[in-house]
Amino acid sequence: ALSMFGTTIGLYGIPWCEKSLLLTVLMSVIGASMGILDTGGNVLALNTWGAEAGPHMQALHFSFAVGAFVAPILAKMALGGSESQDLPAAEHTNQSVWRSVPTASAASALKHHLGADFLWSYVVIGTYLLFVSFFFFVLYSKGSSARDKSKASSQKGKFAKYHYALIALLFIFFLFYVGAEVTYGSYIFTYAKVFAEMKENEAAALNSVFWGAFAACRGVAIFCAACLYPGTMILLSIVGSAVSSSCLAFFTRHPASLWVGTAVYGASMATIFPSGISWIEQYTVVQGKSASLFVIGAALGEMCIPVAVGYLQGRFRHVPVVMYTALVTSAMTFILFPLMYKLANSPGESDLKEMSESEDRKALLSNSGLNEDEEDEEDAGEWNEADFEVIEMNDTLRNSVIETSRKIPGDSAATLQPHLDNVLRDSPAVPGGSPGRKNVNVDREKND
């Protein structure tokens with residue numbers, strides 16, 4: 001709720017900014033709010049649905065993919081086109097001319113070019129987010145019992161043996177994955193124009209293919225998460241990304257390979273992040289600190305890898321650095337996931353202790369001669385417990401009969417003693433003289 005409210009404040013203020021410093025502050029507020037939302041949303045989904053959070057986690061990230069795919073289209077529709085007669089004509093061919101235009105005239109020309117509708121779109125989206133923020137505040141005020149329940153369930157969970165190692169490896173895993181995702185989505189348009197020599201509309205279509213396949217696969221993953229384990233989905237995704245990135249790196253000059261590889265690469269990258277959080281939650285406790293580390297790793301990859309690729313691509317203009325980066329990051333995720341899986345499935349100290357106690361118990365039973373077969377080994381503890389219960393009931397029955405005999409005229413305890421011995425002697429017993437649980441019920445009925 002707080003993150004959505006902070007985003008609302010930033011969106012309300014951006015259209016009316018006249019100073020670059022104020023604009024920087026508002027953009028920073030939006031960036032911080034998005035980081036909080038990314039962390040809190042994942043933890044909230046895990047706390048709400050627990051072990052069944054897989055489809056809900058996929059739906060959460062599917063909404064992000066839909067927004068990333070639809071927002072540029074809506075922005076272009078609001079702009080109404082890229083050409084305008086109101087701006088200097090040389091601005092479309094030479095960026096240095098734009099720098100020579102005075103700041104005031106440039107700002108007024110830009111506002112006139114964009115129009116009031118585009119500026120008011122910030123206000124409209126901000127109002128929508130304000131409504132969402134209010135809705136979350138209402139849920140927070142109504143959900144005290146739910147918070148207590150989720151807190152109790154999180155306290156019952158146990159940490160994995162290599163908890164911190166798993167968190168660190170998943171941090172690196174998300175760094176490479178999100179960095180590769182943002183890098184490819186950011187540079188594929190320029191790559192298609194420069195290396196593949198595509199037209200501008202074809203390059204834009206290739207970019208749309210990547211994000212469209214990304215969003216569509218996340219939508220399908222909502223239903224697949226109900227029948228597939230998160231680890232299976234991650235394995236399919238990293239294999240698909242490794243194969244597609246290999247085709248893009250080694251067959252980069254073929255147009256068909258570029259189109260098909262881009263679509264498969266976008267689809268393969270779609271489910272890794274939500275599936276990764278659902279997967280790690282199966283083996284250890286994921287709290288706010290752990291989820292924030294995942295988001296920090298993703299943010300570092302989103303910042304550092306595109307910057308490094310842009311720098312290297314500028315230095316080596318004839319080398320497809322974008323495709324090689326996709327291949328290297330896919331190889332890193334392909335190596336890291338089996339290592340994380342091995343650590344996650346290693347037995348912890350509690351498991352080893354339970355296994356040791358079970359083995360000691362079996363050894364004691366075998367030494368005492370009670371485990372002649374599997375059935376006797378399983379029921380040995382039950383027989384011993386039943387022995388004490390029946391002995392106690394027999395003593396109670398004997399005392400009850402004696403007390404009754406004292407109250408009946410003409411009879412004595414000595415007269416009823418043979419009959420009592422016959423009753424106790426005739427009660428059914430298991431082999432070895434130990435009465436079973438059925439004998440307890442029979443003796444209780446006789447006692448009543």
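Positions of Cβ are set from backbone N, Cα and C atoms, glycine also.
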Range among 192-213, 258-279 that TrEMBL annotates as transmembrane segment: 258-279
Contact set, same chain, for the transmembrane segment (321-341): CB under 8 Å, 6 or more residues outside the stretch: 166, 169-170, 172-173, 176-177, 179-180, 183-184, 187-188, 191, 231, 234-235, 238-239, 241-242, 245-246, 248-249, 252, 265, 272, 280, 305, 309, 312-313
Contact ranking winner - 20-47, 119-141, 162-189, 234-252, 258-279 against the transmembrane segment (291-309), Cβ under 8 Å: 162-189
Distal contacts, the transmembrane segment (234-252) - CB-CB under 8 A, six or more residues away: 180, 195-196, 258, 260-262, 264-265, 267-272, 275-276, 279, 320, 323-324, 326-327, 329-331, 333-334, 337
Residues of the parent chain within Cβ reach of the transmembrane segment (119-141), under 8 Å, 6 or more residues beyond its termini: 1-2, 4-5, 7-12, 14-15, 78, 111
